[in-house]
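Chemist: Handing you this structure, nothing more for now.
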């Protein structure tokens, strides 16, 4: 970390801007909004500065820069179009032990100005460390669209309630659950926006006085196939609100880095032929943590209801009366095929898709005759160890040996690897790949050479 993000209290503190043009004006607006006692020094000023001075909002010092202007300052900004002058201001500020920002010259500055999302009292600052201001601006714009304009009013109102909430709810967990209910209550937010005092009071009393459910809950979240950018917005919200995250091997490190920092993390990863934690024990972990009153996220790669055993885990919770919900994820078949340039359906080649597990419970047998039919795409999950059997069975039941096949390893991740060939080569191809891998069989695989976009990135 090259810069420490801090929020400075500048109200009624002396600050200096050197420069009287448009760039200096933008910086001045920020300092004035923060309540700074502002002095602006320049040889000439644009009209806005004169208007501010006439209104008593700042002091103008016309003339060359003099180091004595820094004597009482807490903070300075060099915002002229003269690089040498900006450097002199920076060096003088350094000698005075005053933080100084130099516009468009982060290496000459002792602090940099972030992109700001202002929902006062809630403030969000985004910075690229001065390396890419455009990137910081794009991120700010994206965050602006996610944060409602009335969020500041809700945050300010929450500050007024802190004392009462502390008296009403004895434990930290109870208080956190109350605040989470308040911040997502649309009626309260709208009432604050409309300054409807009656509705504000009614909604607040309802939230404070309704009984808190001391039972925990479990949210089954699909993490998607690997690329953290494919995690859904709702999935992200859930892992950032969790007390406990129970996760498996298919959840990438990039996604785990998004988990709430103080959440407990329980790894229950599985590998082909080896279960780190038996399924029954996983069920009991979810049950045990929820019974402690915790918010538990069961985080699974792909989609939890597609070969994720999510249904089995939820049955245990249902039988115990534990509340639960499900956040779907992008399943591996969809993600891996898209990132490999293989459309699962195509008007000319495939009118249906079969998602098939590569291993069944003891005694299970697939309907190989129907699987060998034309005009469909087959996607085998967890089928790497059974690739030779899949090849044999499909050919025995009439699928042409020249049918295109592909195996996708670590789909959608930067380490994705794809190998393709024909059905007669499937067993041999599988020996060159590692788990997790997905097998795709069908005429659509032949489009890969034309549609493969991800490897070019």
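Every residue gets a Cβ built from N, Cα and C, even glycine.
Not my notes, these are from Swiss-Prot:
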ACT_SITE  248  active site, proton acceptor
ACT_SITE  270  active site, proton donor
BINDING   22, 23, 43, 44  NAD(+) binding site
BINDING   225, 301, 302, 303, 306, 331, 332, 382, 411  S-adenosyl-L-methionine binding site
REGION    1-204  region 'Precorrin-2 dehydrogenase /sirohydrochlorin ferrochelatase'
REGION    216-457  region 'Uroporphyrinogen-III C-methyltransferase'
Chemist: Could you give the Cα-Cα distance between residue 43 (NAD(+) binding site) and residue 332 (S-adenosyl-L-methionine binding site), in whole Å?
Modeler: 64
Chemist: Taking the mean position of the Cβ atoms of 22, 23, 43, 44 as the NAD(+) site, which residues outside that list, in the same chain, have a Cβ no more than 8 Å away, listed in sequence order?
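Modeler: These residues sit around the NAD(+) site: 19, 20, 21, 24, 42, 45, 46, 79, 80, 81.
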Chemist: Take the Cβ of residue 22 (NAD(+) binding site) and count every other Cβ within 10 Å, whichever protein chain it belongs to.
Modeler: 10
Chemist: Nearest to residue 44 (NAD(+) binding site) by Cα, among 225, 248, 302, 332 (recorded positions)?
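Modeler: Comparing Cα positions, the candidate nearest residue 44 (NAD(+) binding site) turns out to be 225.
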Chemist: If you count CB neighbours within 10 Å, which one among the binding-site residues 225, 302, 411 has the smallest count?
Modeler: 411
Chemist: Quick check on the binding-site residues: of 43, 306, 332, whose CB has the lowest count of neighbouring CB atoms inside 10 Å?
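Modeler: Minimum Cβ neighbour count within 10 Å, taken over the binding-site residues 43, 306, 332, occurs at 43.
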Chemist: List the Cα distance (Å, whole number) between residue 411 (S-adenosyl-L-methionine binding site) and residue 248 (active site, proton acceptor).
Modeler: 16
Chemist: Let me make sure I understand the structure: which of the binding-site residues listed (23, 44) has the fewest other Cβ atoms within 10 A of its Cβ?
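Modeler: Output over binding-site residues 23, 44: least Cβ neighbours within 10 Å is 44.
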Chemist: With every protein chain in view, how many other Cβ atoms are within 10 Å of the Cβ of residue 248 (active site, proton acceptor)?
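Modeler: Other Cβ atoms within 10 Å of residue 248 (active site, proton acceptor): 20.
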Chemist: Relative to the Cα of residue 302 (S-adenosyl-L-methionine binding site), which of the recorded positions 22, 23, 248 has the closest Cα?
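Modeler: Checking each of 22, 23, 248 against residue 302 (S-adenosyl-L-methionine binding site), the shortest Cα distance is to 248.
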Chemist: Calculate the per-residue pLDDT averaged over the region 'Uroporphyrinogen-III C-methyltransferase' (216-457) and state the result as an integer.
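Modeler: For the region 'Uroporphyrinogen-III C-methyltransferase' (216-457), the model's average pLDDT rounds to 92.
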Chemist: Specify all same-chain residues, apart from the site residues 225, 301, 302, 303, 306, 331, 332, 382, 411, whose Cβ lies within 8 angstroms of the center of the Cβ atoms of the S-adenosyl-L-methionine site, ordered by sequence.
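Modeler: So the additional residues around the site are 224, 250, 307, 308, 329, 330, 333, 335, 336, 381, 438.
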